[in-house]
Amino acid sequence: MTTPANAQNASKTWELSLYELHRTPQEAIMDGTEIAVSPRSLHSELMCPICLDMLKNTMTTKECLHRFCSDCIVTALRSGNKECPTCRKKLVSKRSLRPDPNFDALISKIYPSREEYEAHQDRVLIRLSRLHNQQALSSSIEEGLRMQAMHRAQRVRRPMPGSDQTTTMSGGEGEPGEGEGDGEDVSSDSAPDSAPGPAPKRPRGGGAGGSSVGTGGGGAGGVGGGAGSEDSGDRGGTLGGGTLGPPSPPGAPSPPEPGGEIELVFRPHPLLVEKGEYCQTRYVKTTGNATVDHLSKYLALRIALERRQQQEAGEPGGPGGGASDAGGPDGGGGEGGGTRGGDGPEEPALPSLEGVSEKQYTIYIAPGGGAFTTLNGSLTLELVNEKFWKVSRPLELCYAPTKDPK
């Protein structure tokens, strides 16, 4: 028994979805009208959702009509996910796909040379990575300056490990008139009452610095002061006002941070050394794409921070404190433990770091030990090393304050 023809036609009726029912038809453009399309929207239309690159050998799903690269969709089906990566509709096998040569022809019309398009993308990526590297360098320099300033401030506030012991042996620096000390005075007072034992270990003989530390501690205080001068001589005399021992050398290099590419020896200009204005040699390690302006701003910030920390430590106001550019936080602060300068005048206002600029200092180089050459601020250190230095030792630069910074 055969089925009536009208029944067959009724079963094959196309049922429209809500989207198709509300969709208005668009007329095809048959003349030479041009429509401007942004590259971003065009790229999203021609992009494969799997590899996020331009479609290559386009394959279209038969049910949901989503487009993918041939290799991408075949690999996705082989991995076990028998569904469309975009809408999760069921895909049995490669038989649910069909090639789309018309879309490939459209892509070849828009981008005639695919190799040129890929080369342009590579150039854009290289330029973006270079810009990000410069931003990372500047942020790394700022972060390093903040961390160094924080650590130096902590070193100023924290007493040295040997200062507590020498202070107690001298009978207490803050209370010179008391007869009850903490160190040898207590042990000598309680010696007759306690059981006999081994004699207390006396410190090594004191020198001329004993009288400057033990101001009110008697003879034992003088001996303790001498020991303090010998033990803390290599620390730059942090217990007293600079008479205990020679200060630490100002040009002592700090260990360079890892990851740098160029090592620098930063010295003041010889004319400044003769005048006694600057005497500190700085050792810096940084990447080759840092510019001379970066170094100038780093130097201005560093010197401003050091002067600020010297004023906070009370070095300029004390009778024995040193006030030089190379002093750092280790110079003495006068009598009384190097904290403040005694009963001196009121301290000046701390220098502000807001006006620091790379124009405050000029960078020079003396290639071959000859005349000094002023370096342009836009030059990178790698270019300076190749153009002026050309030797296999750290790059040596000199700095001096700019006479008329603009």
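Cβ coordinates are placed from backbone N, Cα and C, and glycine is handled just like the others.
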Write down the single range among 201-204, 229-232 that appears in Swiss-Prot as motif 'Nuclear localization signal'. 201-204
So for Ser140 (phosphoserine), how many other CB atoms are inside 10 Å of its CB? 15
Hey, does DSSP put Ser38 (phosphoserine) in a helix, a strand, or just coil? coil
By Cβ count within 10 Å, point out the most packed of the modified residues listed: Thr24, Ser38. Ser38
Per DSSP, Ser140 (phosphoserine) is which: helix, strand or coil? helix
